[in-house]
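First the structure, in the form of structure tokens, and then the observations on it.
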Amino acid sequence: MARQKKMGQSVLRAVFFLVLGLLGHSHGGFPNTISIGGLFMRNTVQEHSAFRFAVQLYNTNQNTTEKPFHLNYHVDHLDSSNSFSVTNAFCSQFSRGVYAIFGFYDQMSMNTLTSFCGALHTSFVTPSFPTDADVQFVIQMRPALKGAILSLLGHYKWEKFVYLYDTERGFSILQAIMEAAVQNNWQVTARSVGNIKDVQEFRRIIEEMDRRQEKRYLIDCEVERINTILEQVVILGKHSRGYHYMLANLGFTDILLERVMHGGANITGFQIVNNENPMVQQFIQRWVRLDEREFPEAKNAPLKYTSALTHDAILVIAEAFRYLRRQRVDVSRRGSAGDCLANPAVPWSQGIDIERALKMVQVQGMTGNIQFDTYGRRTNYTIDVYEMKVSGSRKAGYWNEYERFVPFSDQQISNDSASSENRTIVVTTILESPYVMYKKNHEQLEGNERYEGYCVDLAYEIAKHVRIKYKLSIVGDGKYGARDPETKIWNGMVGELVYGRADIAVAPLTITLVREEVIDFSKPFMSLGISIMIKKPQKSKPGVFSFLDPLAYEIWMCIVFAYIGVSVVLFLVSRFSPYEWHLEDNNEEPRDPQSPPDPPNEFGIFNSLWFSLGAFMQQGCDISPRSLSGRIVGGVWWFFTLIIISSYTANLAAFLTVERMVSPIESAEDLAKQTEIAYGTLDSGSTKEFFRRSKIAVYEKMWSYMKSAEPSVFTKTTADGVARVRKSKGKFAFLLESTMNEYIEQRKPCDTMKVGGNLDSKGYGVATPKGSALRNAVNLAVLKLNEQGLLDKLKNKWWYDKGECGSGGGDSKDKTSALSLSNVAGVFYILVGGLGLAMMVALIEFCYKSRAESKRMKLTKNTQNFKPAPATNTQNYATYREGYNVYGTESVKI
């Protein structure tokens, strides 16, 4: 019974093959079923699904104009690391009598597969990386990227960059880049990353390149490896503005770019699949409806470009056999397919016809125009070039063999600008008086109405000119923006722009070189410089003799010597000039009848001193020079005193009515030379960066002190720095922008002041992300506001109109006020001293006179004992003359 059953099965099998053979040779020897092979490696699950689905689409959508043939497939999975597995898989396909093989290869399996194909004349259609080797029977579905990469390197003018390549695919491109580098004098650092298994090694490579100040990377790897590298880029914070990554891969939309996009780095890539192609859209519509149990990674995973190449490979195979069928080429296999390991190898006779037909195919697929050269390489194809911006990816142009790279016009940029009108722009800023402050009733308000200040008004005016909607966002860390020297990550408002969390920064943000490298600035809306803030010193009490301050000590000494000199000269010329002498009156009785009278002279030494003093005090006296020489002396002395007194009076008003404050510091040089007063800056900002980078000796000395000072002289916020100045009792100076310094001087308690000039010159600018479409519009708005004078009006409004220290009170070290007793106390002291001296001299004169009179009376009494007493009038006259001679008052006439 079993034998009969077995014989029945053998008969049925024989009948089946007989019918199949008759059907297979019904059209001039062309089979009705074309068997193709499939070789798939690991990580090609979706490609395997796309392969089977493409065959299914062809078999269910036949061209009715020709007698249809069906595609049949045989699939083997190979382990590329095992050469025996590769050989066994290929021989399995060859022994089945397949007409062509579709499959993948890598660097290890490529030589084995291409050798078998060449020896056995079996065509191998592959979407794997293209090779420059002139191999036969290999149809390369993937276009070469070498020309496109070189075109973009020239377009972006890269002269210094890093080339990270996969060992399996990068040698041909590496050779082309190195040849171009020699011709164009490029600096290229090439690193192979194909054999790296540890992700930490990627991180070490990126850190090493960053230490070399490398900002541009060309990454030539498969999608999975690119995703791994970009993940490390994000972790290290190297995806900020200023970095540019060119991804040498045809699946730009397959790469995970969401995290990198928000960092602000510029990313350029290539895309072979045009998602706007109706064929692509139709395929995807069917693709997403597939049962994922039958077609893994079809429904919930995006279509890879390698899957699209797989679909197109089936189109190419089908089109080639259509051509062979139309040409009535006999491609049928008769008998056994043979042994692939035979020595010598026995090639398939029809294999050359199939290879020729495959190379002659020209069809439109999901990857565009599909056409091959004589070596089976893609030709006459177009690759789209994409750029990743903060707002997303956009098509930047295209590349083909004839036109090379063709960038798109700025229409896309204008569209971005137009779209900004329809969305709310995020404006990052910082709480800093008077730029941005909370209103007193801010808790009852919402949105932008909660804030007030210079930058709030400026943002409103800019938005009005640019015609955008915006919302103010206070930066979370309260910092302006600096890059961490270790992690290289930007903080503050600059970080908000760099990492895509804000669109504009309207704040007192200084325009610096390091910031300009990662963000764009408008023209300055305010000019300023670094200045020194100290606590306002106590008003110096005027000295007792402050009335002497209008003239220097040297001038007073010269006046004293001039006074003495003029008096002596006047005395001498009066003695020498005969016109200063005159006879006594005839009515005057001579003192001694026996001696001739002496002609008197009014300008003795004491009278000369008295005359000079009276003229200097502008009071005059009873005597005046009579001679020409004496009058010349008096005239020049009067002229001298006129100028001196006028100058003194003019300065006296200012010195007595102005309270002066003595500042211990007047400049940065004063700070650098001393050690008693500490000084510092904001911990994160352009002021600190200025001192860190400065090459001026004074500033280098100051930076050396600041970075090593204990406790730290750096403050987290400006308010902390101001508070430290106020509490330090004059022992701390704060270095900050001059505009902020001037503003704080105008605020109560009015105890700070700006000293010295500005240390540098710079400006505040409105910042936008690198390459932002808003940059030009914002820049024009700032220029227009400046020309209209609105920027000056805003500064006056928030600095001086709302000042709390009086007009100019915080701006000047000198303050005019009413005179106090201390200002003129010295004058009263001199008055009291003069009165006291006069009383004392009078007392001395009285005592002296009394004593002299007593002696005279005794002498007279003794004389009377020897002589008769003289007449009374004669005695009185003699007494008077004696008294006169005692005092020597020659100017009195008797």
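Even glycines carry a Cβ here, placed using N, Cα and C.
Swiss-Prot has this to say about the protein:
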{"type": "BINDING", "residues": "PRO508, THR510, ARG515, SER686, THR687, GLU737", "note": "L-glutamate binding site"}
{"type": "DISULFID", "residues": "CYS91-CYS340", "note": "disulfide bond"}
{"type": "DISULFID", "residues": "CYS750-CYS805", "note": "disulfide bond"}
{"type": "CARBOHYD", "residues": "ASN63", "note": "N-linked glycosylation site"}
{"type": "CARBOHYD", "residues": "ASN266", "note": "N-linked glycosylation site"}
{"type": "CARBOHYD", "residues": "ASN380", "note": "N-linked glycosylation site"}
{"type": "CARBOHYD", "residues": "ASN415", "note": "N-linked glycosylation site"}
{"type": "CARBOHYD", "residues": "ASN422", "note": "N-linked glycosylation site"}
{"type": "INTRAMEM", "residues": "603-618", "note": "intramembrane segment"}
{"type": "LIPID", "residues": "CYS621", "note": "S-palmitoyl cysteine"}
{"type": "LIPID", "residues": "CYS847", "note": "S-palmitoyl cysteine"}
{"type": "MOD_RES", "residues": "TYR877", "note": "phosphotyrosine"}
{"type": "MOD_RES", "residues": "TYR887", "note": "phosphotyrosine"}
{"type": "SIGNAL", "residues": "1-28", "note": "signal peptide"}
{"type": "TOPO_DOM", "residues": "29-552", "note": "topological domain 'Extracellular'"}
{"type": "TOPO_DOM", "residues": "649-823", "note": "topological domain 'Extracellular'"}
{"type": "TRANSMEM", "residues": "553-573", "note": "transmembrane segment"}
{"type": "TRANSMEM", "residues": "628-648", "note": "transmembrane segment"}
{"type": "TRANSMEM", "residues": "824-844", "note": "transmembrane segment"}
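Sequence features, as recorded in Swiss-Prot, placed on the structure.
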| residue | record | CB count, 10 Å |
| --- | --- | --- |
| CYS91 | disulfide bond | 17 |
| ASN266 | N-linked glycosylation site | 19 |
| PRO508 | L-glutamate binding site | 25 |
| THR510 | L-glutamate binding site | 24 |
| ARG515 | L-glutamate binding site | 27 |
| CYS621 | S-palmitoyl cysteine | 13 |
| SER686 | L-glutamate binding site | 23 |
| THR687 | L-glutamate binding site | 24 |
| GLU737 | L-glutamate binding site | 23 |
| CYS750 | disulfide bond | 16 |
### Message
Using a Cβ cut-off under 8 Å, which residues of the same chain at least 6 positions beyond either end of the transmembrane segment (553-573) come close to it?
### Response
580, 603-605, 608-609, 611-613, 616, 625, 627, 629-630, 633-634, 637, 640, 644
### Message
On the 0 to 100 pLDDT scale, where does the topological domain 'Extracellular' (29-552) sit on average?
### Response
85
### Message
Looking at the recorded positions listed here (ASN380, THR510, CYS750, CYS847), whose Cα lies nearest to that of CYS340 (disulfide bond)?
### Response
ASN380
### Message
Same chain, not part of PRO508, THR510, ARG515, SER686, THR687, GLU737: whose C-beta falls within 8 angstroms of the C-beta centre of the L-glutamate site? Give them in sequence order.
### Response
TYR480, LEU509, ILE511, THR512, GLY685, LYS762, TYR764
### Query
Where the record says PRO508, THR510, ARG515, SER686, THR687, GLU737 bind L-glutamate, what is the longest distance in Å from one Cα to another among those residues?
17
### Message
If you count CB neighbours within 10 Å, which one among the recorded positions CYS340, CYS805, CYS847 has the smallest count?
### Response
CYS847
### Summary
Among the recorded positions listed as CYS91, ASN266, ASN380, CYS621, CYS847, the Cα nearest the Cα of THR687 (L-glutamate binding site) belongs to ASN266
### Message
Cα-Cα, whole number of Å: CYS847 (S-palmitoyl cysteine) versus CYS750 (disulfide bond)?
### Response
62
### Message
Can you tell me how many other Cβ atoms are located within 10 Å of the Cβ belonging to ASN380 (N-linked glycosylation site)?
### Response
15
### Query
Among the binding-site residues listed here (PRO508, THR510, ARG515, SER686, GLU737), which has the Cα closest to the Cα of CYS621 (S-palmitoyl cysteine)?
GLU737
